[in-house]
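Novice: Copied straight from TrEMBL:
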BINDING   A:Lys198, A:Tyr243, A:Leu244, A:Asn245, A:Pro246, A:Gly247, A:Gly251, A:Lys314  substrate binding site
DOMAIN    A:307-414  domain 'UDP-glucose/GDP-mannose dehydrogenase C-terminal'
Amino acid sequence: MKIAIWGNELIAWTAAACFAEMGNEVLFTPLFSGGDNSESANLDHAPANVKEEPGLIEQLQQQQDSGRLQFSEVTTASMAMLHFLAFLPKQLTYAESLCHMLAKDKERQLIVMNASNFGIGASDKLQAFLSGNQQVMAYIPDQLPAGSALAHFKKPDHLIIGCQQEWALMHIRALYRPFSQNVNSWLLMSAREAEYTKFAITGMLALRLAYINDLANLADEIDVDIDIIRQAMGSDERIGQHYLNPGCGFGGEHFPQYIEGLAGTLSQARNSSLLSTVLEENEKQKELPFRKLWRHYDCNLQGKTISIWGLAFKPGTASISNAPSLKVIDALLNQGCKVQVHDPMAMANIEMYFAKHHHNDQLRFCQNEMQALENSDGLLLLTEWAQYFSPDYQTMRDAMNTALVIDGRNVFDKKLIEELGFSYYGVGR
Amino acid sequence: MNNISESSQWQALKALADQQRQQPIHQLFSENPKRFEQLSFRQGELLVDFSKQHFQRDTLEQLIALAEQCELPNWIRQLFEGAEVNHTENRPALHTALRLPEGKECWLEGKNISIDVQQNLQRMDDLVHMIHSGQWRGCSGEAIDTVVNIGVGGSDLGPLMACNALAETPARDDSGRLAQQAAIDVHFVSSMDGSQLADLLKVLNPMRTLFVIASKSFTTIDTMANAATAKEWLNQNANCSETALVARHFIAVSSKPEKMLAWGIPKQNQLEFWEWTGGRYSMWSAIGLLIALKLGMSAFKTMLAGAHSMDEHFRQAPLEENIPALLALTGIWNINFLNIGAHAILPYDGRLKNLPAYLEQLEMESNGKSVNRQGETVDYNTCPILWGEIGTNAQHAFYQLLHQGTEAVMCDFIVAAKRYGPDASQELRHQHQLNLANCFAQSRILALGDSVLEDAQSAPAHKRYQGNQPCTTIMLNELSPFTFGQLIAMYEHKVFVQSVIWGINPFDQWGVELGKQVATNLLGQLDGHETDNLDASTAGLIQAINQ
């Protein structure tokens, strides 16, 4: 099949690679900015999160070499019948002008699959640019997790497809069949319902995280171990284990952004502040490790050397988008700390992020995690990279000035580490 | 100069006043269609209209001659040069130095005090930046988002007024970007009985609240009592050392570093101002910290620049066009020659609701004196009684007295010509028009009476309006940090000019001392000590409590 892909989200690049791999002819216009004169692109234009995505650039290269993936001019791409839109949330106007342009010929058949996160009702808005039953707007929510985008695109757990035109569904099914042969896992609904489903799922996950974090913070105060509570909660089949790990807040490119969109919608339409509270609390939670350190040192961190393990917003990615490390480092630098950081992938991004910080001379990037502990007055663990799980505690103690560990992801064994002479603070334990 | 009231110029003005009384204000208008052109003055975005006053252009000239006889130009020079114009406390009054732009010098006792001023501004800037960026942490490690100013008098009225007056100003940082300070909530508490503070403490989050203790002497009992209550409240809610608690939740502004330190305020949380700044002239110093926190440092500096532009005007303009001088001399005319003892301050702008209270202190604490610089009791009136209210609200309260009472009252109408941009709703813009119409209508009737109507004479006596209440209209192009700075500096200089004419010291306030002393003594008697040495009234009241 011939398909045109528009927009610069991670899912645009992933879809380009995957559709081409399955034999489709892919015309890719990532830099489309609303008109014929949009800049033409090549692989070098891939944004940072695409370049950091494991295996993605290589696969894009292969598909380009095979000729099935072409970076395309606007006019060539717009000839296709199938279109896949993956713009950034702020680029709704691009999508509008594209739909306007595609639908100029009212007679042509057109299937536009929108995977951009423009909020509830956007698909209907875009549909208004199209005409008749022969021009269809479908919504396919973007559910790709950064760090494993390819794997999830190629083998989704389930597919939500918001489209009710039989003839268009036939084409969409054919396009996605190589990735998801089990039709039972296809959830078909209207575009508006698909948008709402996407939001509802994201909001639910955020609520679970916020709730477990809230419970953990209370556990801190009443001296119970949240780990025990969490396991017991998860054993109840009505609840389950997923998204019940307390920690120092969630980040990432999409998750907070989606919730922000949903929070805005809910508060406008229903005057509901539930999700805005979740977001606010999440922002506070990101600084939890800082606050524990602050209280440990009686509100004075001037001149302390603090180590941080883990900078990415989650393991397996170099992305620092909305990561707790950003807030924690900023706070520590402002309190006059020397900050020694380590991360297996995200160091370059952090270096760039803090390049203009007025205290960036206090920030040191370390080759390995043990180097980050030299003369340290405390370690903050912010991202649960596997390589941090079982360190050599003796080497740690020798390197550090003060044996203090603040574990923002509850990865260490509290009893053991305390036994070894560390002061230990977890999240809710 | 001996007694000014015996001078020939004073006598000439008295004679002129007797003449002028025969001719009501409305007649002055009908005789001279050019009154507005002759009697209104501009300085930048400020327009001051004296044409609704009970005088004529040549009266002003006579008043200027009086000012010259009192050596006003020389006094102005001395004020700016740092002479000891506050002779009872052996101090200069250099509030004008607080508003000097960076790079300009002001020398005092061999020292360029501008450098101290600029350094202090920089320290303020750093504190403000730290708080705005969410990096000033309370003792739980959470970011401070609420700041409470604890101060009274000059450490309260000025910042409170400015924060309310300029709250609509979009806060911008130095580079002009919209700053984040919208997130900082500011509050003011001053009352000695703790009632304002108690109300606030019920709703504030102790972990996110910072207190600014503002007191020149750092002994003001009202302020120190409120600060102690605030500290106790924090202590009940925190689990950190007291040193940390004070360091994270208190900033102090005072001219007494050693007293701040003794209270526990660490050096880095201290902002200083100096003996040469009077309390009621201190809004331009670090006492204005809350203004900067609310509006951003850039707006605070713009306010200083506005005041400085008025300083320069006052220092340089000839008396014939010198707005603060003319405003003061108009007052002298009303007080000393037309025998008016009441002055209403009527801002037609809800944002200026605290201006009357501010001017009550500025004028009455400065010039509410009856002993001249030679230590003699004066035989003429000095500062009148000032009071006021948002004009449109006062229309439903005390305007009845202004229009038909027996007291002569002079009135200042203060209004902004423009308000509400094109983004505002049509109804809101209409409200501004309504406000302007009321402002002009009231000053018109107060000055001209029912002569503005065609058939007023036929109305019954209780519906008549005599008019003849002299009015000044002060119109800002719009209310901005700059024009606000101009406006307040104008009043400050006006007060100084009047003090020069009256030969009194406007920079001390000995009249507020005895009360503090007697109150301290009475504390013991309230605790049950002997009341025999008291007057019967006070003794009776105390006994009624202690029974």
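A Cβ is built for glycine as well, from the same backbone N, Cα and C atoms used for every other residue.
Show me how these features fit into the shown structure, please.
Specialist: Neighbour density for A:Asn245 (substrate binding site): within 10 A of its CB lie 19 other CB atoms from the protein chains shown.
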Novice: If you measure every Cα to Cα pair among A:Lys198, A:Tyr243, A:Leu244, A:Asn245, A:Pro246, A:Gly247, A:Gly251, A:Lys314, the residues listed for substrate, what is the largest value in Å?
Specialist: 24
Novice: Tell me, if you would, which residue among A:Pro246, A:Gly247, A:Gly251 (binding-site residues) has the fewest other CB atoms within 10 Å in the structure shown?
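Specialist: With the binding-site residues A:Pro246, A:Gly247, A:Gly251, fewest surrounding Cβ atoms within 10 Å: A:Gly251.
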Novice: DSSP says what for the domain 'UDP-glucose/GDP-mannose dehydrogenase C-terminal' (A:307-414): how many helix, strand, coil residues?
Specialist: 35 helix, 18 strand, 55 coil
Novice: Counting only residues 6+ away in sequence within the same chain, which have a CB under 8 Å from the CB of A:Leu244 (substrate binding site)?
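Specialist: For A:Leu244 (substrate binding site), the qualifying residues are A:Arg208, A:Ile212, A:Arg230, A:Met233, A:Gly234.
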Novice: Rank the binding-site residues A:Lys198, A:Lys314 by the number of other Cβ atoms within 10 Å of each Cβ and report the first-ranked residue.
Specialist: A:Lys198
